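Over in Swiss-Prot, the protein carries these features:
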DISULFID  CYS3-CYS24  disulfide bond
DISULFID  CYS6-CYS11  disulfide bond
DISULFID  CYS17-CYS39  disulfide bond
DISULFID  CYS43-CYS55  disulfide bond
DISULFID  CYS56-CYS61  disulfide bond
Amino acid sequence: LECYRCGVSGCHLRTTCSAKEKFCAKQHNRISTLWWHGCVETCTEDETWKFYRKCCTTNLCNI
């Protein structure tokens, strides 16, 4: 699985996930306004006034 991850210049860098990491995730902390993209082992989608998380399982789906 390949996912996007964040770097200094934004969240468009590609990374190859480990065998344990089955999901790509995109998270947004609405309080700090920080984004995080990357590979995760488990993922539960969430959307509240302060936090957003989207999970997916296909290559580069977490744009």
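Cβ coordinates are placed from backbone N, Cα and C, and glycine is handled just like the others.
Shown here: features listed in Swiss-Prot, placed on the structure.
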residue	record	Cβ within 10 Å
CYS3	disulfide bond	26
CYS6	disulfide bond	17
CYS11	disulfide bond	15
CYS17	disulfide bond	18
CYS24	disulfide bond	27
CYS39	disulfide bond	21
CYS43	disulfide bond	20
CYS55	disulfide bond	18
CYS56	disulfide bond	17
CYS61	disulfide bond	17
Spatial neighbours of CYS43 (disulfide bond) among the disulfide-bonded residues CYS3, CYS17, CYS24, CYS56, CYS61, defined as Cα within 10 A: which are they? CYS24, CYS56
Which ones, of the disulfide-bonded residues CYS3, CYS24, CYS61, have a Cα no more than 10 Å from the Cα of CYS55 (disulfide bond)? CYS24, CYS61
Quick one: of CYS6, CYS11, CYS56, CYS61, which disulfide-bonded residues lie within 10 angstroms of CYS24 (disulfide bond), measuring between C-alpha atoms? Sequence order, please. CYS56, CYS61
Quick check for you: of the disulfide-bonded residues CYS6, CYS11, CYS61, which have their Cα within 10 Å of the Cα of CYS39 (disulfide bond)? none
When you rank CYS3, CYS6, CYS11, CYS56, CYS61 by Cα distance to CYS17 (disulfide bond), which of the disulfide-bonded residues ends up on top as the closest? CYS3
Distance between CYS11 (disulfide bond) and CYS56 (disulfide bond) at the Cα atoms, whole Å? 16
What whole-number Å value do you get for the CA-CA distance of CYS3 (disulfide bond) and CYS61 (disulfide bond)? 7
If you run the three-state DSSP split on CYS61 (disulfide bond), which class comes out? coil
